[in-house]
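Novice: Marked as transmembrane segment by TrEMBL: 112-134, 154-177, 189-214, 220-239, 251-273, 285-304, 316-337. The Zn(2+) binding site feature in TrEMBL is assigned to H175, H323, H327.
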Amino acid sequence: MVSCFPSSRIRDDSHLHLDLTTKPVRLSPCRSSAVLVIISGASIKMRLKMPQKLLKTAHYIELGSYQHWPVLLPQRIRLYTYEQAPLFLRENPYITDGYRAHLPSKLCLKSIFILSNETVNIWSHLLGFLLFFFMGVNDLSSLLPASRANREDYVIYAIGLFCFQVCMLCSVGYHLFSCHRSEKTCMRWLALDYAGISVGILGCYVPGIFYAFYCNAFWRQVYLLTVLSMILAVFCAQVHPSYLSNDWKVIRMTIFSCVAGIGVIPALHWVWLNGGLTSDIVQLFFPRVIVMYLIAGSAFLFYITKIPERYFPGQVNYLGASHQLWHILVVFMFYWWHQTAVHIMHFRHSQPCPTWSRKS
């Protein structure tokens with residue numbers, strides 16, 4: 001057999017420099033085999049010289065769909081600019097720096113303690129989860145017993161706060177693992193994040209409808225079943241392979257807007273059943289419903305307009321970005337609605353249901 005390169009040239013690989021960012025070139029079979037020999041030799045030599053402790057931190061990252069190259073990840077997690085970040089992370093061009101990328105699961109978890117453009121997103125909903133968890137403990141152990149709540153009250157409060165906690169955890173999971181080296185892993189967490197939003201909306205509807213139609217079992221069941229059917233329909237839509245693509249971005253926003261906005265119908269129906277805007281219960285609680293929708297609308301406005309980073313690109317990479325404001329407002333909205341449910345529960349327990357409402 002005739003070798004393509006002299007043996008001395010194969011052994012001498014000190015001149016070899018690999019540029020992993022370049023596109024793969026087509027080589028002749030002879031040259032391809034020689035290059036593979038050189039790369040293998042360089043890789044073996046690198047591993048032999050590497051301390052055993054560092055070898056344990058070596059991981060693989062995906063470069064396109066061509067090859068998996070062994071790379072040594074540094075102890076300090078690197079942050080990337082928008083141009084350097086993987087394509088599936090380039091969602092907001094006005095956030096120009098602070099991207100985590102190419103990390104295994106273990107380093108994704110460790111990155112929670114570094115300052116990146118996801119730090120506020122992660123911690124806002126992680127603290128939100130803890131808030132609703134301890135509120136649930138307080139409600140079930142103190143607030144509800146003191147209010148002489150019945151079994152239905154316990155179930156409704158447990159469902160509402162559990163849904164809020166699921167929403168928070170799904171959001172934390174996505175923003176924590178969006179920097180994973182595998183795009184498929186990132187997309188799975190994104191799907192869970194959207195599912196968490198649906199569960200959070202369900203957590204708003206259940207106590208709202210239950211106490212709004214507390215004295216009317218028929219309409220209470222109709223609206224609860226309707227809302228549950230809508231949430232299940234959203235879950236089914238997420239199974240579609242194009243649901244997470246950019247082509248469906250407008251469709252996704254439309255779906256969530258409709259699911260949240262359709263709550264206006266039972267709200268207006270509740271106003272009508274209680275005698276209009278002049279009734280005591282409507283004047284007491286309808287303003288709280290309006291405030292809840294104003295908070296939700298403001299959060300959604302920040303989300304779709306990308307304000308303020310649209311007008312200050314690169315200036316709010318780490319603090320003050322629209323998605324961070326969206327996160328904070330969502331936590332505040334859930335808290336506000338929970339307190340509204342507490343007030344209306346006390347009202348329902350202190351005021352007997354009118355006779356006309358049972359016949360409606």
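In case you wondered, yes, glycine gets a Cβ from its N, Cα and C as well.
Mind running through what each feature is packed against?
Specialist: Residues 77, 79, 95, 97-100, 161, 164-165, 168-169, 171-172, 175-176, 178-179, 317-319, 321, 323-324, 327-328, 330-331, 334-335, 338 of the same chain sit 6 or more residues outside the transmembrane segment (112-134) yet have a Cβ under 8 Å from a Cβ within it.
The list of residues near the transmembrane segment (154-177) in space but at least 6 beyond its ends in sequence, with Cβ under 8 angstroms from a Cβ of it, reads 105, 108-109, 111-112, 118, 121-122, 125-126, 128-129, 132-133, 135-136, 139-140, 144, 185-186, 189-190, 192-193, 195-197, 199-200, 202-204, 206-207, 210-211, 327, 330-331, 334, 338, 341.
According to DSSP, H323 (Zn(2+) binding site) is assigned to a helical segment. All chains included, 20 other C-beta atoms sit within 10 angstroms of the C-beta of H323 (Zn(2+) binding site).
Distant neighbours of the transmembrane segment (189-214): 152, 156-157, 159-164, 166-171, 173-175, 177-178, 180, 220, 223-224, 227-228, 231, 234-235, 238, 243-244, 252, 256, 259-260, 263, 266-267, 270, 273, 289, 292, 330, 333-334, 337-338, 340-341, 344-345, 348, 353; these residues of the same chain sit at least 6 beyond its ends, with a Cβ under 8 Å from one of its Cβ atoms.
Nonlocal intrachain contacts for the transmembrane segment (220-239), taken as residues 6+ away from its ends with a CB within less than 8 angstroms of a stretch CB, comprise 191, 194-195, 198-199, 201-202, 205-206, 209-210, 213-214, 255-256, 259, 262, 266.
Remote same-chain residues near the transmembrane segment (251-273) are listed as 194, 197-198, 201, 204-205, 208-209, 212-213, 216, 219, 223, 230-231, 234, 237, 243, 282, 286, 289, 293, 296, 300, 304, 357, 360 (criterion: CB distance under 8 Å, separation of at least six residues from the stretch ends).
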Novice: Mind giving me a neighbour count for H327 (Zn(2+) binding site)? Other Cβ atoms within 10 Å of its Cβ, every protein chain shown.
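Specialist: A 10 Å sphere around the Cβ of H327 (Zn(2+) binding site) contains 25 other Cβ atoms.
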